[in-house]
Amino acid sequence: MFLLDVFCVPLLGAGTSGKPRSSDMDIVTYDDVHVNFTWEEWALLDPSQKDLYRDVMLETYRNLAAIGYYWKGHNISEGHFQNSRRNGRHERSDTEEKLSEFTQYDKDFAYQSHPQRHERIYSGEKPYEGVQYFEDFAHHSSLQIQRRTHVVEKPYECNQCGKAFAYHSYLQRHERSHTGEKPYECNQCGKAFGRHSHLQRHERIHTGEKSYDCNQCGKTFVHHSHLQIHKRTHIGEKPFECNQCGKAFARNSHLLIHKRIHTGEKPYECKQCGKAFAYQSGLLYHKRRYTVEKLYECNQCGKAFACHNSLQVHKRTHTGEKPYKCNQCGKAFGRYSSLQRHERIHTGEKPYECKQCGKAFGRHSSLQRHERIHTGQKPDECSQCCKDCGCYNSLQIHKRPHTGEKYFECNQCGKGFSQNCYLEIHKRAHTVEKHY
C-alpha cells in the first residue's frame with residue numbers, strides 16, 4: 001500500500017461493499033476506518049510520511065467523533081499502532097500521544113445523531129465524488145478531508161504569527177514555540193523538549209544507541225540526519241553555497257561560519273583582553289597564552305609558543321622559507337593565509353563589505369580602517385603626537401621613536417634602528433665602503 005492510498009481511505013464503511021450486514025445493520029467497526037501497513041510497506045516510508053499518515057488517521061477519528069460516533073473500551077492508541085510495536089518500531093511521535101484522548105472508546109461505535117446519513121453506508125449511496133482519485137465518500141465532511149489532502153488546505157492558523165497548518169495537531173505542536181512549553185522531559189538529565197520525537201533522539205545520548213550505520217565505512221550515528229551529512233564526505237556533495245563568493249560546503253553550519261568572513265562578525269571574545277574572533281577555535285588557541293605553558297621556544301630569538309606548529313611558522317621568518325606560491329604570478333609566502341589574501345588581487349574578490357555605504361575590501365583590516373570614517377573612531381592614534389596610524393601594528397612601530405626602542409641592530413657596527421627599513425638603508429653604507 002502506498003501512502004497515497006492512506007490519504008484516500010474512505011472514512012465510513014470501507015469494506016462493506018455497499019451490502020448490509022445481517023446482524024449489525026447499525027454498527028460500523030473500528031477496522032472499517034483504520035488502515036494497517038505490513039512491515040515491508042511501512043519500511044518504505046520516511047519519517048515525515050509516517051507522521052503524516054498518523055495525522056491523517058487522527059483527523060479521521062476526530063471527524064468521526066465530531067459527527068456522533070463513539071467507541072467503548074477500545075484503546076485506539078494501542079490498537080492502531082500495535083503492528084508498529086510488534087515489528088520493532090520503537091519511535092512514537094507526539095501525534096501518537098494525541099490519540100490517548102480516544103483510548104476509552106469501544107471498538108464498535110454506533111451512529112446516533114444522523115441515521116439518514118448512516119444508512120448511506122449500507123445502501124451504497126455516495127453523493128459526493130472526489131475529482132482527483134474518483135474516491136466516493138458517504139458524506140460531505142469526508143470529501144472535505146480528502147480535498148484538503150490533495151490541495152494542501154491549511155485551515156488551522158496560529159493566532160500569534162499567522163502560520164497555517166493542515167492539521168490541528170501540527171498547530172498545537174507549533175504553538176509551543178510561542179509559549180515555550182516543553183512537556184517531554186528526560187528522566188536522566190532533566191532536559192525538556194517540545195516534541196516527543198526530540199526527547200527520543202536525545203535519550204540516545206544516554207543509552208549510547210547508534211542505530212544508523214554508514215554502508216561504506218561502517219561508522220555509526222545516533223541520528224539519521226547525522227548519517228546523511230556524513231555520507232556527503234563519500235560522494236563529495238556540497239549543497240550549501242555562499243551567495244557572495246560561490247564557495248560550497250557539505251554542512252549548513254560550515255556555511256554560516258564561512259559567512260563571517262564577509263560580514264566581519266566575531267562572536268567569540270576573550271574575557272581577559274577583549275580580543276574577538278570569528279571562530280571558536282581561534283579563541284581557544286588564543287586562550288593558551290593565558291592558561292598553557294609555552295614549551296616551544298625559538299633557538300634563534302628565544303620567542304616561545306604554545307604550539308609546535310606556531311613555532312614552525314615563526315622559524316620561516318628566520319630562514320626565509322616561503323612554501324606557499326601564487327600560481328598566477330609566482331609570488332611566495334610564508335603562510336597560507338597570506339597567500340589567500342594575495343590571491344584576491346588576481347580574482348578581484350572583495351568579501352568584506354561596509355554595511356553603511358556598501359564599499360567592499362579585500363582585507364578585513366581595510367574594512368575596519370574604513371569604518372572609522374563613519375564612526376569617527378581613532379583607536380590607533382598616538383597618545384604623544386596624535387597621529388592616526390591606521391592599525392595596531394603601525395602604531396607600535398610609530399611609537400618607537402618616542403620611546404627610544406631600537407629593535408633592529410646592525411650586525412657590523414652595532415647601531416640600532418626603530419624600523420627594519422632604516423636598518424636596510426644603513427646597511428648600504430657598509431656595502432658602499434667595501435667597494436672603495
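Glycine too: its Cβ is placed from the backbone N, Cα and C atoms.
Since this is a predicted model, take the numbers as computed values, not measurements.
Annotated in Swiss-Prot:
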DOMAIN    28-115  domain 'KRAB'
ZN_FING   156-178  zinc finger
ZN_FING   184-206  zinc finger
ZN_FING   212-234  zinc finger
ZN_FING   240-262  zinc finger
ZN_FING   268-290  zinc finger
ZN_FING   296-318  zinc finger
ZN_FING   324-346  zinc finger
ZN_FING   352-374  zinc finger
ZN_FING   380-402  zinc finger
ZN_FING   408-430  zinc finger
| task | For the zinc finger (296-318), jot down how many residues DSSP puts in helix, in strand and in coil. | result | 11 helix, 4 strand, 8 coil
| request: Give residue numbers and ranges for long-range contacts of the zinc finger (268-290): same chain, 6 or more residues beyond its ends, CB-CB under 8 A. | output: 257, 260-261, 306-307
| note | Other same-chain positions with a Cβ less than 8 Å from the zinc finger (324-346) and lying at least 6 residues past its termini are 313, 316-317, 362-363
| message | At a C-beta cut-off of under 8 Å, are there same-chain residues at least 6 beyond the zinc finger (212-234) that contact it? List them, or none. | response | 47, 201, 204-205, 250-251
| said: Averaged over the zinc finger (156-178), what pLDDT does the predicted model reach? | reply: 86
| In terms of Cβ proximity under 8 Å, which residues at least six beyond the ends of the zinc finger (296-318) contact it? | 285, 288-289, 334-335
| note | Its residues classified by DSSP, the zinc finger (352-374) shows 11 helix, 4 strand, 8 coil
